[in-house]
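Annotated features, as they stand in TrEMBL:
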- 1-14: compositional bias 'Polar residues' (COMPBIAS)
- 1-26: region 'Disordered' (REGION)
- 38-66: transmembrane segment (TRANSMEM)
- 40-429: domain 'Major facilitator superfamily (MFS) profile' (DOMAIN)
- 78-101: transmembrane segment (TRANSMEM)
- 108-125: transmembrane segment (TRANSMEM)
- 166-185: transmembrane segment (TRANSMEM)
- 197-217: transmembrane segment (TRANSMEM)
- 240-262: transmembrane segment (TRANSMEM)
- 274-293: transmembrane segment (TRANSMEM)
- 300-324: transmembrane segment (TRANSMEM)
- 330-353: transmembrane segment (TRANSMEM)
- 365-384: transmembrane segment (TRANSMEM)
- 396-418: transmembrane segment (TRANSMEM)
Amino acid sequence: MSIERQPQSTSTPPEATLPPEAIDDDNEDKYPEGGLKAWLVVFGAFGMLICTFGMMSSVGVLQSYWETHQLKEYSSSVVGWVPSVFVFLNLMLGIQIGPMFDRYGPRWIILIGSVLYILSFFLLAQCKEYYQFMLCMSILGGASSSMISTPTMASISHWFHKRRGLATGIAMSGASIGGIIFPIILRHVIDKLGWEWALRIMGFIFVFLLTIGNLCVRGRLPAKLRNGTIDMKCFSDSRFVWTTAGAFFSEIVLFASLGLIPSYAVSQGFSSGTGTYLLVVLNTGSAVGRLLAGLTSDHFGAFNTMTIVIAFTTICMFVLWVPFGRYIGVLYPFSFILGLGTGSFLSITPVCVGRVCKVEEYGQWLGTCYFVSSFGTLVGIPIAGELLQVAGPTRLAAVLGGIFGLALVNFTIARWSCLKWNWKWRTKV
């Protein structure tokens, strides 16, 4: 009897498909999904991302200050290249750092990056000229931050799979925490102690957090020797291609918002202090978005969560920001909503990439995704700054809303591709 039933038990109904989360699970590796070592990795990553992505979330305060002090003779679009290159190198160099992580693990990469990153901010305190800001913050700070953030995020994938969204969300919320506290610290310390001591205090904060991170973050899987820094086969996977395209457009909106919210507020007639607090509200929403999106993606799917959040945020951009962006009573709640959407995107993107590749390829694929999307960060702030000056704040808001709409289209197609082009509304993807 049992012999006769074997063909029936192993057959698959014609219309059945594998769940998307199982597509990349052709290895036999077992994930801890928790435990002291795993959660220490998340804790260390949380602190490290406060320093790197948290600083990126605060670039608007720095740019606003430079425009009225050291770099006041330059236009907003020219000054914007300093934070743009800083963020660009952080993401672009992931294509080099990712394979290095796969080959050597995180320890030495993160340690060297931490030393150089701390050094960059102590040097930044002494900067007076435009080229000095470019060398210290943009180049040294951007390159060293990539050596911290890329292996830090990739390490989480060694310890979690089913709970990867939650673990990534917790770690990525560190960026928002940095984006909340750093603008307030910088604003008050600059007023009381001056620019130089404000940056030195930031450097000492980084020493403390990065030391803890270096002690906690570690890899788990054995090193994999690979040739080259980019594996072109990832571009033959339509799921990865559309996900990366969505990330590219989302990065433009994210960093244009982070870089120009303070300047946008001033252009609408509000004080620079109001711009700073709008940035704090945006990063508060980002912290909530990263945690909720990470948790939600584990239950309902990363691509499902991504498309819903971006769709909601895009609608709010056209309903609230474009027509009512000149009213402070609208700007505060909208800044929170914008942070909610962009924070969710940052939290879920690494999870989406992890869903379409093998875990031993994760560093390389994530680095490649960040490499492509980094070009969005490079042009985002300068172009948005030029639009703000030439076209005005309302048209800037409309353009950013349209770009986020393009991101929505790409992530929707990526979801469809994960379903093998057989669209289903209720499938966890």
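Just so it is clear, glycine is given a Cβ too, placed from its N, Cα and C backbone atoms.
Note that TrEMBL annotation is computational and uncurated.
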* Outside the transmembrane segment (330-353), six or more residues from its ends: residues with CB under 8 Å to it -> 53, 153, 156-157, 164-165, 168-169, 172-173, 175-176, 240, 243, 247, 250, 253-254, 257, 261, 265, 268, 278-279, 281-294, 297, 302-303, 305-306, 309-310, 312-314, 316-317, 320-321, 324, 362, 365-366, 369, 404, 407, 411, 414
* **Closest-packing stretch to the transmembrane segment (78-101), where packing means Cβ pairs under 8 Å, from 108-125, 166-185, 240-262, 396-418** => 240-262
* Let me know the model's mean pLDDT on the domain 'Major facilitator superfamily (MFS) profile' (40-429). => 89
